[in-house]
Amino acid sequence: MSHSVKIYDTCIGCTQCVRACPTDVLEMIPWDGCKAKQIASAPRTEDCVGCKRCESACPTDFLSVRVYLWHETTRSMGLSY
């Protein structure tokens, strides 16, 4: 079961989440929407182990990166039994 990793537009391009990820799920990609000219991206969500270290590392007030564990995702969609 894979987890869902969402990157929000509040990302400031600091790379903290990328450096915190033990399985290299995240990477930085070019983006003109912030001063750093880069934003986090999650191209390898199948490797996410759900540790949420990226969330803990995020310095923004509203977490720019969120990991939704499989059971959290299905519960929010009303699919859990």
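Using the three backbone atoms N, Cα and C, a Cβ is placed for every residue, glycine included.
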Review point. Of Cys21, Cys34, which does Swiss-Prot put in the [4Fe-4S] cluster 2 site with Cys48, Cys51, Cys54?
Key: Cys21
**Study point:** Surrounding CB atoms that lie within 10 Å of the CB of Cys14 ([4Fe-4S] cluster 1 binding site), all protein chains
**Key:** 18
Exercise for review: Based on DSSP, name the secondary structure state of Cys58 ([4Fe-4S] cluster 1 binding site): helix, strand or coil.
Suggested key: coil
Study note, to complete from the structure: Residues sitting within 8 A of the centre of the Cys21, Cys48, Cys51, Cys54 CB atoms ([4Fe-4S] cluster 2 site), not counting those, run Val5, Cys17, Ala20, Pro22, Thr23, Val25, Leu26, Val49, Gly50, Lys52, Arg53, Val67
